[in-house]
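K.L.:
Below you will find the structure I want to go over with you.
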Amino acid sequence: MARITSEEMKERLAVYFIMGSQNSERPAEDVLKEALDGGVTLFQFREKGSAALEGEEKEALARQLQRLCRTYGVPFIVNDDVELAIAIDADGVHVGQDDEDARRVREKIGDKILGVSAHNVEEARAAIEAGADYIGVGPIYPTRSKDDANEAQGPGILRHLREQGITIPIVAIGGITADNTRAVIEAGADGVSVISAIASAPEPKAAAAALATAVREANLR
């Protein structure tokens with residue numbers, strides 16, 4: 001499998017949905033199917049937290065959601081768990097600054113998609129050197145979806161990264177909604193990444209569609 005190109009990666013990052021069983025009171029498969037119907041372009045399985053599944057249950061859910069993504073032709077990314085990603089032949093892995101070293105992850109996963117969380121120019125450059133295909137930058141706005149989230153930085157961090165010569169595809173995360181998507185894209189992000197904006201929405205399909213429309217309209221300006 002050849003490495004994904006930068007242009008392909010940018011397109012995939014448009015509406016990046018992150019979810020685990022702990023993020024919704026409804027069955028994860030139902031929420032994901034509706035989100036995919038609404039226009040999600042990339043999915044990350046993030047099973048973390050005190051209520052998260054483990055072991056065989058975690059793998060079973062991962063495979064279930066992966067099958068759904070394959071039906072829609074949407075890449076399936078695993079958060080942090082490199083061994084699980086390899087075991088189920090996921091399309092890629094995303095790691096944070098406190099997870100396994102990105103360079104080692106790249107060696108393990110070969111040409112699969114590698115995403116790395118970055119909060120500043122130094123971390124962004126390190127991710128690029130490690131072989132990342134994209135970086136996740138945030139939190140842009142305050143968020144309650146992650147217990148360990150850093151302080152919100154605002155869209156200005158995206159603009160700063162671009163001004164410092166960071167050209168790698170960037171997805172913005174943290175408190176993203178359809179209403180603030182335009183500001184994020186105009187500041188330099190290629191796409192938006194959300195958890196609660198879709199997982200907690202009464203209608204995940206409509207929520208995903210609203211984000212997709214917002215990204216598309218922002219890119220036309």
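Heads up, the Cβ atoms here are built off N, Cα and C, so glycines get one too.
In case it helps, Swiss-Prot gives these features for our protein:
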BINDING   Gln44, Phe45, Arg46, Glu47, Lys48, Asn79, Ser117, Lys146  4-amino-2-methyl-5-(diphosphooxymethyl)pyrimidine binding site
BINDING   Asp80, Asp99  Mg(2+) binding site
K.L.:
Where Ser117 (4-amino-2-methyl-5-(diphosphooxymethyl)pyrimidine binding site) and Asp99 (Mg(2+) binding site) are concerned, what is their Cα separation in Å, rounded?
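P.N.:
Between the Cα atoms of Ser117 (4-amino-2-methyl-5-(diphosphooxymethyl)pyrimidine binding site) and Asp99 (Mg(2+) binding site), the distance comes to 10 Å.
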K.L.:
Fewest other Cβ atoms within 10 Å: which of the binding-site residues Glu47, Asp80 wins that one? Let me know.
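P.N.:
Minimum Cβ neighbour count within 10 Å, taken over the binding-site residues Glu47, Asp80, occurs at Asp80.
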K.L.:
Just to verify a number: CA distance, Asn79 (4-amino-2-methyl-5-(diphosphooxymethyl)pyrimidine binding site) to Asp99 (Mg(2+) binding site), in angstrom, no decimals.
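P.N.:
That separation, Cα to Cα, works out to 9 Å.
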K.L.:
Residues with Cβ closer than 8 Å to the Cβ of Asp99 (Mg(2+) binding site), same chain and 6+ apart in sequence?
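P.N.:
Listed in sequence order: Asp80.
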K.L.:
Between the binding-site residues Arg46, Lys48, whose Cβ has more other Cβ atoms within 10 Å than any of the rest?
P.N.:
Arg46
K.L.:
If you draw a 10 Å sphere on the Cβ of Phe45 (4-amino-2-methyl-5-(diphosphooxymethyl)pyrimidine binding site), how many other Cβ atoms land inside?
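P.N.:
Excluding its own Cβ, the number within 10 Å is 29.
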